[in-house]
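K.L.:
Below is one structure. I have some questions about it.
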Amino acid sequence: MEKIGVIVTAGGAGRRFGGEKPKQFLELSGIPVIIITLKRMVNLPIVGQVVLTVPENYIEVAGDLLSRYNLAGIKLTAGGTTRRESVLRGIRALTGNFSIIAVHDGVRPFFPKGALSEGVKKLSEGYGGAILAVPLRDTVKEVKDNVVISTLDRSRLYAVQTPQIFRREALLKGHALGEKQHLDAVDDSILVELCGETVAVIPGDYKNLKITWPEDLEFAEFLFTRYFAKELL
């Protein structure tokens, strides 16, 4: 089995979440969110190396957590001022010459365990990348100044998740473009798309929550206790 490199991004300051510390260091049943994510990731046979990016002022905190939870094999690096910069720093920190690289949000601890393997299968079919996505369940309106402008065709709209899996050369090409044009990309697939690569979609999971707002933490606690705690406790 070909091993892949994984970048886990936890470089955000969590301004939308509020509180004294970034959301990735908050706990579910006493375990930091980022540790749950990393524990589940490193246990996958397909993963050859994991690089974790965190805010520079949290390097020491993150290092202590990795040691405490027996994750010292994970390489730690400081994130940049944007997500794109953080991912690029993570790519550069990989020591293995991986032909496939996955990028994952550190605050998505409940990713499907088969996602990476499914993504690799898509790449073998000639795609430059593969992303997880789920169909939108709600009607979506375009709104300006609190007035509806249009109703979008929900059947064609998907909510994108991570991990996202890419051929190394496609991801590097995308980030080179992003760096050159100073693009503030919301995810990595858009950079790969802008380079002319085709990105495949594989089924995501509605439980693959990105912890962004304070109310997400309560729901994440429920999901962890109900579905995922047995993997770690």
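First residue shown is number 1, and so on along the chain.
Here the Cβ of each residue, glycine as well, is placed from N, Cα and C on the backbone.
From Swiss-Prot, here are the annotated features:
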SITE      ARG16  site 'Transition state stabilizer'
SITE      LYS23  site 'Transition state stabilizer'
SITE      ARG154  site 'Positions MEP for the nucleophilic attack'
SITE      LYS210  site 'Positions MEP for the nucleophilic attack'
K.L.:
May I ask for the distance between LYS210 (site 'Positions MEP for the nucleophilic attack') and LYS23 (site 'Transition state stabilizer'), taken between their Cα atoms and rounded to an integer number of Å?
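P.N.:
On Cα coordinates alone, these residues lie 10 Å apart.
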K.L.:
Mind giving me a neighbour count for ARG154 (site 'Positions MEP for the nucleophilic attack')? Other Cβ atoms within 10 Å of its Cβ, every protein chain shown.
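P.N.:
The answer is 13 other Cβ atoms.
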K.L.:
When neighbour density is defined as the number of other C-beta atoms within 10 angstroms of a residue's C-beta, which of the recorded sites LYS23, LYS210 has the lowest density?
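P.N.:
Comparing Cβ neighbour counts within 10 Å for the recorded sites LYS23, LYS210 gives LYS210.
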K.L.:
Can you grab the distance from ARG154 (site 'Positions MEP for the nucleophilic attack') over to LYS23 (site 'Transition state stabilizer')? Cα atoms, rounded to a whole Å.
P.N.:
31
K.L.:
Going by DSSP, is LYS210 (site 'Positions MEP for the nucleophilic attack') part of a helix, a strand, or coil?
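P.N.:
DSSP assigns LYS210 (site 'Positions MEP for the nucleophilic attack') to coil.
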